[in-house]
Every structure is written in structure tokens, then in C-alpha cells.
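K.L.:
Copying in the features that Swiss-Prot gives for the protein in this structure:
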- His95: active site, proton donor (ACT_SITE)
- Phe27, Ala58, Leu59, Glu60, Cys87, Val88, Val89, Asn120: 5-amino-6-(D-ribitylamino)uracil binding site (BINDING)
- Asp92, Thr93, Arg134: (2S)-2-hydroxy-3-oxobutyl phosphate binding site (BINDING)
Amino acid sequence: MADPRRARLTDDTEIAGARALIVEARFYDDIQDAMLEGARAELTAAGLTHDVITVPGALEIPAAIAIALDAAEAHGKPYDAVIALGCVVRGDTIHFEIVSMESSRALMDLAVSRKIPLGNGIITVNTDEQAWARAKATELDKGGDAARAALAMLRIKRRLAKG
């Protein structure tokens, strides 16, 4: 079976020195530690600096991103890319569907309206075992995957801006 992870692109000259924002939901600390490690490794390898903001849950991620983008712009230090990290585990109520769908929709709305490269690393799973398989950098590395997606979109944005 093919490796499901996005490949790391090696030519990072056009994005080196860019600034990224990671917003993580700390609902499951151990899982978030693993996802954050994967995302940070990808950003560092690509030559980006980054800030991390922590929020209580996945639904708070889009609002925190919007607030941070506005503040960074106001201070003359805009972010070039954003990575959202979180974990939503299915329970016995429809809360899972609401959190999963609304956080994803809000992130897509932000990416499109703000024209910001955004990697969605909010994993949605049925079990803790599935969460761990997706969080660990040695397995599916969804934190790293979200960072690679944001980096790929940043490359596209910069190439198209050049004309």
C-alpha cells in the first residue's frame, strides 16, 4: 500500500524565512504533543519560524486564527501560513459531528476569505487507537501532514504572485 503521507518537497528556497502560526486545541494533551512535534519538524525543515497558540478545543481554533491574523497584521508581522491541530474523538452524542463539521467549515472559510495557506490537522476519529495512529510522527504524522499541506499552498501562492 502507498504511504498516505504527503511527500516533503525539498526546494524550500521560495518559502524559507516565512512565518507560520500553529493553533492547537489542547483537549488531548499527549496526542497534541505528538501532532505539534510533527508540525514543528516540517516547518523547521522548510526554514520557517513559527508561533504556537493553544486553545481549549477544536471549535475555538478558527476564531483564534482570525484574531491572530488580525493582530499580526496590525503589528506589521503577518503570518504567511497557518496550521490547525486538534483531535475530535466520537462519543455517544452528535457533538462529534457538530465539532468536526463546523471547525472544518470555518477553517475552509478562513483559508478562502483570507487567502491564507492553511493546513487542517484536526483529526476526527472513532477511538483513541485511531487518534494515536494518526498523531505519531512515526505513523501517519497528521501534524506533519497539515504542515506539509500549508507549505505546499504557500509555495503555490508565492509562485502565482510572481506571475
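Cβ from N, Cα, C; glycine included.
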K.L.:
By Cβ count within 10 Å, point out the most packed of the recorded positions listed: His95, Arg134.
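P.N.:
Per the Cβ count, the most surrounded site is Arg134.
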K.L.:
Rank aside, I only need the closest one: which of the recorded positions Asp92, Thr93, His95, Arg134 has its C-alpha nearest to that of Leu59 (5-amino-6-(D-ribitylamino)uracil binding site)?
P.N.:
His95
K.L.:
Please work out which residue of Ala58, Leu59, Cys87, Val88, Val89 has the most C-beta neighbours within 10 angstroms of its C-beta, and give that one of the binding-site residues.
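P.N.:
Checking each of Ala58, Leu59, Cys87, Val88, Val89, the winner is Cys87.
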K.L.:
Restricting the comparison to the recorded positions Asp92, Thr93, His95, Arg134, which residue's C-alpha is spatially nearest the C-alpha of Ala58 (5-amino-6-(D-ribitylamino)uracil binding site)?
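P.N.:
Closest by Cα distance to Ala58 (5-amino-6-(D-ribitylamino)uracil binding site) among the recorded positions Asp92, Thr93, His95, Arg134: His95.
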K.L.:
Considering Cα atoms only, can you say which of Phe27, Glu60, Cys87, Val88 is the nearest neighbour of Arg134 ((2S)-2-hydroxy-3-oxobutyl phosphate binding site) among these binding-site residues?
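P.N.:
Going through Phe27, Glu60, Cys87, Val88 one by one, the Cα closest to that of Arg134 ((2S)-2-hydroxy-3-oxobutyl phosphate binding site) is Cys87.
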K.L.:
Using only the residues recorded as binding 5-amino-6-(D-ribitylamino)uracil (Phe27, Ala58, Leu59, Glu60, Cys87, Val88, Val89, Asn120), report the maximum Cα-Cα distance in Å, whole number please.
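P.N.:
Largest pairwise Cα separation, rounded: 16 Å.
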K.L.:
Between the Cα atoms of the residue listed as 'active site, proton donor' and Val88 (5-amino-6-(D-ribitylamino)uracil binding site), find the distance and write it as a whole number of Å.
P.N.:
10
K.L.:
Nearest to Asp92 ((2S)-2-hydroxy-3-oxobutyl phosphate binding site) by Cα distance: which of the binding-site residues Phe27, Glu60, Asn120 is it?
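P.N.:
Nearest by Cα distance to Asp92 ((2S)-2-hydroxy-3-oxobutyl phosphate binding site): Phe27.
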K.L.:
Between Asn120 (5-amino-6-(D-ribitylamino)uracil binding site) and Thr93 ((2S)-2-hydroxy-3-oxobutyl phosphate binding site), what is the CA-CA distance rounded to a whole number of Å?
P.N.:
24
K.L.:
Got a sec? Which of these binding-site residues, Glu60, Asp92, has the most Cβ atoms within 10 Å?
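P.N.:
Max Cβ neighbours within 10 Å, all protein chains included: Glu60.
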K.L.:
If you skip the near sequence neighbours and keep only those at least six away, which residues in the chain come within under 8 angstroms of Phe27 (5-amino-6-(D-ribitylamino)uracil binding site), Cβ to Cβ?
P.N.:
Pro56, Gly57, Ala58, Gly86, Cys87
